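Asks: Got a structure here, written out as structure tokens. Questions coming.
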């Protein structure tokens, strides 16, 4: 029993590490947003869904819902995730258009309402830890599936544009790693609500890696081809102009 608990904690620590790196990956994206002072084609939806997921699982792992600190690793990483996601959303709102600001604000209000309702119902209406875990876990399960499903938008864009510009490699890699480790943690904990979302997240992360491998050079190849075409057109125009100038020069000499 002791060795089983130790293995579970070790997996949880590695899961924390992978999730920490996953949460930090968008720092590069938002550094680009700050430098360009534009959100470009980036969507804020994944960060809003991730915020709701982090809030729910932080609440799920706290002693109010869980039995004591049995899921302490879940509290630490999701609590950190809440701070990061809030920071990303703030930067996005600061540099986005007024129309997008309104959309983000409405979605954030929805997140606050959902989380507040979950917190009040689980605290005051449900009396046992079992019922609280069941209720919060079900809501968290839906949010997690939505979070892991949100990259489908980016995957669709990759297939459409044949470019991985808006689906960074490290985001896909750490998503796959974190999902796989938390899947193992959930199975070792015999916790359906920790394992189930990652049954979706792990295959989706793997699919993103496959797409990245397929399309990572497509954009470069197309740019090179476009450059070659432009160069060929420029050379052809130059030769055409030279050909026009030669008869004119000969006429002048006569």
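Each residue, glycine too, has its Cβ placed from N, Cα and C.
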Asks: Could you check which of 134-154, 218-238 is flagged in TrEMBL as transmembrane segment?
Replies: 134-154
Asks: Please give the sequence-distant neighbours of the transmembrane segment (74-95): residues at least 6 beyond its ends with Cβ less than 8 Å from one of its Cβ atoms.
Replies: 12, 15-16, 19-20, 23-24, 26, 30, 33-34, 37-39, 42, 44, 47-48, 50-51, 53-55, 57-58, 60-62, 101, 104-105, 108, 194
Asks: Give me the stretch from 6-30, 104-122, 134-154, 166-188 with the greatest number of Cβ pairs under 8 Å to the transmembrane segment (42-62).
Replies: 134-154
Asks: Relative to the transmembrane segment (194-215), which of 6-30, 104-122, 134-154, 166-188 accounts for the most Cβ pairs at distances under 8 Å?
Replies: 166-188
